[in-house]
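**Q** After the C-alpha cells below, expect a handful of questions from me.
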Amino acid sequence: MHTKILLPSCILLLLLFTLSSLDVVVAKDGDESGNPFTPKGYLIRYWNKHVSNDLPKPWFLLNKASPLNAAQYATYTKLVADQNAFTTHLQSFCSSANLMCALDLLPSLEKHKGDVHFVSYGDKNFTNYGTKESGLGFNSFKNYTEEENFPVNSFRRYGRDSPHDNQFDNYGAPGGNTPVQSFNSYSTNTPGGSGQFTNYAPGSNVPDLHFTSYSDHGTGGEQDFKSYGNDGNAGQQSFKSYGKDGNGADSQFTTYGNNTNVDGSDFTNYGEAANGENQNFTSYGFNGNNPASSFNNYGVGGNGPSEAFNSYRDQSNVGDDTFTTYVKDANGGEANFTNYGQSFNEGTDVFTTYGKGGNDPHINFKTYGVNNTFKDYVKDTATFSNYHNKTSQDLASLSEVNGGKKVNNRWIEPGKFFREKMLKSGTIMPMPDIKDKMPKRSFLPRAIAAKLPFSTSKIDELKKIFHAANDSQVAKMIGDALSECERAPSPGETKQCVNSAEDMIDFATSVLGRNVVVRTTENTNGSKGNIMIGSIKGINGGKVTKSVSCHQTLYPSLLYYCHSVPKVRVYEADILDPNSKAKINHGVAICHVDTSSWGPRHGAFVALGSGPGKIEVCHWIFENDMTWATAD
C-alpha cells in the first residue's frame, strides 16, 4: 500500500527537479518560453549559465531569439546539414524563422488586356501586359507592394505598341525593405500615351529598381517621375536604353533620390538618337548622403535634345557624378546645369567627351561646386558662371552655406551628436530620429547558424542557399555584409559579427567578463523633437570605462556588428516631455572620450565643430542597437 503511494510521489519529485534544472521560464508580455527545446528556451539557459549576475534579464535581447517551435527547430536543424535539401525549403524556413528572403517569381506568359486598376497589390510578374492595345485607355497601380520585405515585381513587355496611359501611385514598397522592381521593354513603340510614377519607392531600405528599354521608339509620350526613390537607404536605380530613338518623348524627374543615404543611379544609352526630346531633372539628389550617379552615352546622336539639371545634388554630403559621352554628336540642342553639386563636403564630378562632335550645342553651367573635371568637351559652346571655389572646410560649415543661413542637413540632424555637458537634469535638447530602419528579423538558432557558410570565400554557396541570382540585390546585400564583417579592425578595436544571440553573449563576456549588463534605449518616444533630460545616472560611477556596442547589419537573418569601445562614459537618463515634464522614454547615451582616431570629416565634427582628439562626442543608443558594460 505504501509502495503504491510513494512511487508516484518519487516520480513527481524527479520530474519537478528535472524541469527546474532546465530553467523553464515564462517571459514577460505573455511570451512563453517554457518549452526547453525551442531556440528561445535554449537561449535563456545559455544566458543563465554564462552571465554571472542575477539582474533582470534583457528581454529586448532574448525576444530576438528564433521563433521556431520545437518541432520546426528539430526539422530545420536536421535539414541544414544537407544544403541542397535545405534550399528547397527556403521559403517555408524564412517564414517560420522570421527572416528576410526574396520571393521566387515564376515567369508568366499570361496576357492582360483592357483598362485595369490595381489597388494594394504586390509580388507579381506582369508579362505581355497591355501589349498592342488599341485606342486610348488608362491603367492604374495604387498602393502597390506597401511596407513589405523584399517585394519582387516584374513588368516585362508592358504596354508595347499601345497608346494607353499608365499611372503608378505609391508604388515600389513605400517604407519597404529591399524592394526589387523591374520594367523591361516598357511602352516600347508606343504612339502617344504617358507614364506617371508618383511617390515611387519612398523610404525604402536598399531598393533595387531597373528600367530597361523604357519608352524606346516611342512617339510623343511623356514619362513623369515625381518623388522617386526619396528618403531611401543604400539603393540602386538603373535606366538602360531609356527613350532611345524616341520622337518628341519628354521625361521629367522631379525630387528624384532626395534625402537618400548612399544612393546610386545609372543612366545608360539614355535618349540616344532621339528626336526633340526634353529631359528635366529638378531637385535631383538633394540633401543626400554620398549619392552617386552615372550617365553613359546620354543624349548621343540626338536631334535638338534639351537637357536640364536644376538644383542637382544640392546640399548633399559628398557625392560623385560621372557624365561619359554626354550629348555627343548631337544636332543642336541645349544642356543646362543650374545650382549643381553644391555639397556640404566636397564631392567629385567628371565630364568626359561632353558635347563633342555636336552641331552647335549650347551647354551652360551656373552656380556649380568645386572638384569638377571636364575632359574633351566643346569649349566654344560651353559657358561656366558663378563657380564656387571654396575649400572643403568652407563648404562643411553650415553657417557658410545658402547665404549665411543654417541649412538642416538630415545627415547631421540636430541632436545626432552632442557634448557631455548636455547630459544634465533639466537640459532641453533635440533628439534625432532613433527609429530602427532595418527590417524586422530574428536571430538564427546557433545550431543552424553554425552549419551555414559565412564568408566571402563561400558567397556562391550562400547565394544558392538564399536563391540570390548574380547581380541581384540579395546577393549584393549578402556580399556587403560579409565584406564589412571581414574588414580589418581599426587600431585598438576588437570586432566580431554575430548571427546568433549566443555568439553576442560570448563576444561581450570575452571582452568585459561574465558580470555584464546589456542596455538599449527603451523606445522611440521623443524622436525628431525636443526633449528634456530628467534623472540621470552614470554607469560604473560615471568613470571612463570600456563597453561593447552592437549595431545591426542588413542580412537575411538578424546580424549584429559588435565591437569593443575603449575610453567611454555610459549614461542612463529619463527622457521627459519638455512641456508636461512627463517621462516618455528611458535613454542610453554613450560618450566617446577619445576621438583622436576619428576622421576630420566625421559628421560629429561637422555638427559640433572642432576636430579629432579635441573634444568628446556623445550620442544616443538607437532603437534595437545595444551597449554592454560591466555591472555596477
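Any Cβ shown, glycine's included, is placed from N, Cα and C.
Below are the features listed in Swiss-Prot for this protein:
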DOMAIN    417-631  domain 'BURP'
CARBOHYD  ASN125  N-linked glycosylation site
CARBOHYD  ASN143  N-linked glycosylation site
CARBOHYD  ASN258  N-linked glycosylation site
CARBOHYD  ASN280  N-linked glycosylation site
CARBOHYD  ASN336  N-linked glycosylation site
CARBOHYD  ASN371  N-linked glycosylation site
CARBOHYD  ASN389  N-linked glycosylation site
SIGNAL    1-27  signal peptide
**Q** Summarise the model confidence on the domain 'BURP' (417-631) as a single mean pLDDT, whole number.
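**A** Its mean pLDDT is 94.
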**Q** For ASN280 (N-linked glycosylation site) and ASN336 (N-linked glycosylation site), determine the Cα separation and express it in whole Å.
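**A** That separation, Cα to Cα, works out to 10 Å.
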**Q** How many other Cβ atoms are found within 10 Å of the Cβ atom of ASN280 (N-linked glycosylation site), counting all protein chains shown?
**A** 17
**Q** If you draw a 10 Å sphere around the Cβ of ASN336 (N-linked glycosylation site), how many other Cβ atoms fall inside it, taking every protein chain shown into account?
**A** 17
